[in-house]
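Structure first, then comments.
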Amino acid sequence: MSERLFNFVLKRPLITLIIGLALIITAAMGASNLVFKSDYRVFFGPENPQLQAFEAMQKVYSKSDNVAFVIAPEDKQVFTPEHLEAIRKITEESWQVPYSTRVDSVTNYQYSHAEEDDLIVEDLVYEPLTLNQEQLSHAREIATGDPLLEKRLISTDAHVAVVNVTLQFPGLNPVEEVPAVASKVRQIREQVAQEHPDLNIMLSGVAMMNTSFVEASLEDNSTLVPLMFLVVILTISLMLKTITGTFATVVIIMSSIVTTMGIAGWTGFYLTGPSASAPTIILTLAVADCIHILTSMFYEMRHGVKKQQAILDSLRINLKPIFLTSATTAIGFLAMNFSDSPPFHDLGNMVAMGVMLAFIFSVTIFPAMLTLLPVRVKQKAEGESDMMLSLSAFVINNRRTLLPAMSVVLIAISIFVPKNEMNDDFVKYFDESVEFRQATDFMQDNLSGMTTIEVSIDSGKSSGINDPAFLQVVEDFSNWMRSQPETDHVNSITDIIKRLNRNMHADDPAWYKLPDNQELAAQYLLLYEMSLPYGLDLNNQLNVDKSSTRITVTLKNQTSNQQLETEKRMQAWFNENAPQYKAELASPTLMFAHIGQRNIISMITGTAIALVLISLVLGFALRSVRFGFISLLPNVLPATVAFGIWGLTVGQIGLGLSIVASMTLGIVVDDTVHFLSKYLHARRSKGADTYAAVKYAFSSVGRALWITTFVLVCGFMVLAQSTFKINAEMGLMTAITILIALIVDFLFLPPLLMKLDNEKSDPAGSSDIKTESQKGVAHGSEQPAS
Amino acid sequence: MALNNLPHKLAITGLSVSLLASPFALAETAEEKGRSIMEEFERRDTGWRDMQAGMQMILRNAQSQESIREIRMKSLEQENDGDKSLTIFDQPRDVKGTAFLSFSHIDRADDQWLYLPALGRVKRISSRNKSGPFMGSEFSYEDMGSFEIDKYTYKFIGEEPCGDLTCYVVENYPVEKTSGYKRRISWVDTNEYRMQKLDFYDRKNSLLKTLNFVNYQQYIGQYWRADRMEMTNHQNGKSTTLAWKGYRFQEGLNERDFNKNALKRAR
């Protein structure tokens with residue numbers, strides 16, 4: 001079958017190309033259907049319990065997203081007429097932001113106070129430019145002393161202010177809704193910044209985060225993909241010294257990428273931060289197939305074989321190994337479907353598709369192009385494998401020290417795997433170059449951040465929140481929560497009721513306490529409800545029939561583990577102090593806090609299944625159960641050691657890293673396949689002893705292995721430059737793992753083989769060998785001249 | 001009124017069209033025509049003097065979870081200013097007896113007093129805010145306040161069928177800067193000049209709410225009142241229904257029934 005295909009490809013290269021291009025273009029047109037989902041919720045599957053809890057809470061209370069203008073005057077004084085005027089302007093203009101339902105700032109804050117029997121409700125700052133010093137400091141005092149404002153809309157020292165725009169996205173067209181908001185708030189920012197150059201105005205909030213997911217990915221793809229192409233072009237042209245070969249490789253890579261993205265578009269995929277890195281990863285992985293075909297072909301040509309025949313030989317030699325390596329890589333990526341986070345299913349499926357497409361193109365379009373393009377090779381005998389020969393000599397001579405030494409080093413590093421702590425901080429998903437990250441860090445440092453936990457307490461009966469006993473529990477919890485070291489801010493209905501009680505008693509501070517009967521509490525709330533401004537109601541704190549209330553707790557920056565610990569402590573408080581009420585905790589923060597752990601647990605299954613499947617494939621490929629088992633070690637060790645190194649250096653792992661083990665498994669296995677198959681080939685077909693077989697393996701595939709490793713490491717290091725941390729860490733970790741895999745294959749696997757194989761079996765191997773052509777099993781990159 | 005009785009099939013939009021359709025008119029603009037329709041609307045609802053009714057306020061969130069409040073309202077008609085109204089709460093039980101007195105004004109902040117029985121005190125509430133929600137419902141104070149012609153400027157849009165009737169469609173632009181709306185669109189039926197529907201557009205001119213008036217009844221042979229007013233908020237998915245019952249007119253209420261002392265007696 002493959003012979004007929006190859007003959008067709010080589011005899012009718014033009015037709016092959018035309019058919020191929022037609023299919024590629026048809027598929028690629030689907031890419032226009034690909035849309036970017038800019039919503040942090042995409043990271044959670046519909047079954048995710050934390051997402052369900054959060055959505056259930058959002059159904060009861062107002063559901064909303066936001067944009068926050070963070071305003072930092074250079075002179076660190078918010079309460080000056082000019083700066084307040086700027087804030088008032090932003091506040092007013094923000095009503096024009098699409099989907100805005102409410103704008104809150106220190107200027108339009110509804111300040112209620114008593115004057116004899118009058119309750120006065122007014123804007124805290126009405127006409128800033130008319131205010132004198134006394135009025136300014138009065139306003140400042142009120143703002144910084146109000147628990148509803150302090151650390152939310154104004155910093156404790158009144159040197160930074162926030163204008164918060166509440167948004168209600170219809171969710172009908174997520175592709176356009178978020179960018180529309182982003183462009184409007186940026187326009188407001190530019191306008192105000194121009195009039196007030198002494199203000200530093202930054203943008204944070206959920207909508208800006210969502211928009212950053214898109215922008216960071218687009219930015220990545222416009223910088224990383226070209227960079228990666230450059231790496232590929234340089235590597236191939238320097239290592240293989242061919243311009244046409246490089247050109248053909250680039251065409252194959254591009255075809256693989258556009259076809260994959262096109263098919264993804266046709267089949268209804270959408271893009272997210274992680275899955276948007278698919279092009280970079282496909283790019284990296286697709287190169288290997290072409291390198292193998294080119295090296296074999298050039299080897300043949302250097303030895304005087306004609307181009308056409310050299311291409312055919314190379315295809316024959318390489319078809320099976322590159323199919324195997326592509327398939328194992330695809331299996332590794334497909335295992336990502338076990339992930340708890342849907343974007344990684346998409347990434348896995350897209351890369352798996354891309355890798356298999358790259359394989360198909362490499363054995364069809366690629367040879368067709370090579371046939372048509374002029375390819376010249378200098379005829380020369382090369383001494384290039386000298387380095388590999390000396391390396392193999394080194395390994396063979398030092399095998400007795402290498403094996404225990406390597407074992408000790410590998411185990412010692414692996415001990416540090418448990419030092420990794422789970423941490424998924426969605427703000428830190430973006431690196432410091434991203435504006436959203438800077439703004440949010442700044443806001444977190446000066447007011448309070450985006451780390452929140454929402455607590456819903458259910459009294460169990462209609463109007464039950466007005467019950468003094470219930471209110472006392474809410475108050476006790478709020479006070480307890482405020483006394484916790486990690487708490488920045490607590491937003492509780494009891495603050496409002498206490499304030500109203502004071503207002504209704506001529507602002508006497510002694511009355512800043514909860515009322516002692518239900519009617520009074522209810523009537524205060526009715527009064528409060530009637531004094532609320534446009535766009536505000538109590539529904540963000542109370543449910544419709546006033547049977548439950550929501551407290552919003554803003555926390556300082558913490559790792560996921562610490563957040564989970566806080567969550568446990570909060571639940572324990574309710575179990576101990578208020579077992580009669582039902583308390584529920586939910587928030588995006590908690591969703592992210594749990595996702596890393598959930599994902600690791602689900603990915604362990606995925607990785608195990610991938611490991612079994614890949615080992616089976618290897619067992620078949622090597623036609624040996626024993627070597628299938630031996631291969632487990634070099635396949636599993638790299639990821640283990642890499643996580644050990646990570647534990648030793650970084651120590652924090654999140655969503656992006658929890659998938660690395662399975663995705664690298666499919667990649668590192670390629671090295672093992674090539675090395676072991678060469679080794680076995682020498683043992684079985686040539687009757688070599690273990691030392692000679694090791695030497696043979698080194699000299700025949702050593703160079704190809706390190707070239708492909710070089711390309712892969714470069715590729716994933718390029719991905720490591722991503723501004724999007726999930727992708728950056730995934731890239732860095734994958735690069736480390738692949739590098740370790742090569743070290744293991746060069747320095748650990750050979751001594752191991754020499755030890756195990758020597759003791760236990762006869763050199764010819766136990767399985768029966770079909771006489772196969774010398775180049776049959778593995779790809780023959782640099783066949784030794786012998 | 002002669003102008004408004006002309007055949008309106010041609011008068012779809014704007015100045016030029018109304019010019020064509022009404023050759024005898026002294027170049028009535030869409031603005032003038034809009035205003036004259038709303039003047040007639042106001043004229044027909046004038047002279048009722050005082051009015052009382054019971055009301056159920058049904059609040060619904062986007063998930064259709066409901067909360068019901070029971071309220072009584074009394075209103076006293078005022079000439080050349082907004083009406084006076086007294087609102088008394090019966091349900092939920094813990095706010096029973098709470099009473100709210102409001103003198104609405106065309107060009108300045110309303111005067112408002114609240115009586116809290118648990119506190120035993122009347123409090124005057126001073127607030128510029130007319131755009132805020134009325135009792136946590138989807139109605140705002142400005143929606144609940146009486147209609148006064150000078151609160152808006154107008155523009156006639158056209159006529160279109162509304163249910164079995166035909167309606168004048170008129171745009172209303174609030175004069176007050178603190179209004180929560182950029183504009184409203186009102187549908188007033190051509191037969192009896194009853195408000196059939198209102199669309200509310202927020203400050204950024206996005207459709208915010210729609211109010212439908214259901215099942216009009218005529219009282220004392222003259223004044224029309226809808227049994228139900230259904231307000232739907234398109235942006236947050238919430239809705240509020242006001243279900244009215246027991247309308248009574250001209251029972252001799254006077255200023256004394258609408259002052260601070262009346263608040264305490266209101267229960």
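Here the Cβ of each residue, glycine as well, is placed from N, Cα and C on the backbone.
So that you can see what the record holds, here are the features copied from TrEMBL:
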- A:247-372: domain 'SSD' (DOMAIN)
- A:760-786: region 'Disordered' (REGION)
- A:223-240: transmembrane segment (TRANSMEM)
- A:247-269: transmembrane segment (TRANSMEM)
- A:281-299: transmembrane segment (TRANSMEM)
- A:319-338: transmembrane segment (TRANSMEM)
- A:350-373: transmembrane segment (TRANSMEM)
- A:401-418: transmembrane segment (TRANSMEM)
- A:600-622: transmembrane segment (TRANSMEM)
- A:629-649: transmembrane segment (TRANSMEM)
- A:655-676: transmembrane segment (TRANSMEM)
- A:704-724: transmembrane segment (TRANSMEM)
- A:730-753: transmembrane segment (TRANSMEM)
Residues of the domain 'SSD' (A:247-372) by DSSP state, where helix covers H, G and I: 109 helix, 1 strand, 16 coil
Region pair the transmembrane segment (A:730-753) / the transmembrane segment (A:223-240), three or more CB pairs under 8 Å: no
In contact by Cβ distance (the transmembrane segment (A:704-724), the transmembrane segment (A:223-240); 3 or more pairs under 8 Å): yes
Cβ-based contact of the transmembrane segment (A:350-373) with the transmembrane segment (A:319-338), 3 or more pairs under 8 Å: yes
Which of A:281-299, A:401-418, A:600-622 contacts the transmembrane segment (A:655-676) most, counting Cβ pairs under 8 Å: A:600-622
Contacting positions for the transmembrane segment (A:281-299) when only residues 6+ beyond its ends and CB under 8 Å are counted: 225, 228-229, 232, 235-236, 239-240, 242, 245, 248-249, 252-253, 256-257, 260, 307, 310-311, 313-315, 317-318, 321-322, 325-326, 329, 347, 350-351, 354-355, 358-359, 362-363, 366-367, 370, 375, 377, 667, 670, 704, 707-708, 711-712, 714-716, 718-719, 775, 779-783
When counting Cβ pairs under 8 Å to the transmembrane segment (A:319-338), the leader among A:247-269, A:401-418, A:600-622, A:629-649, A:704-724: A:600-622
Cβ contacts under 8 Å made by the transmembrane segment (A:629-649) with residues that lie 6+ beyond its boundaries: 410, 413-420, 611, 614-615, 618, 622, 657, 660-661, 664-665, 668-669, 671-672, 676, 733, 736-738, 740-741, 744-745, 748-749, 752-753, 756
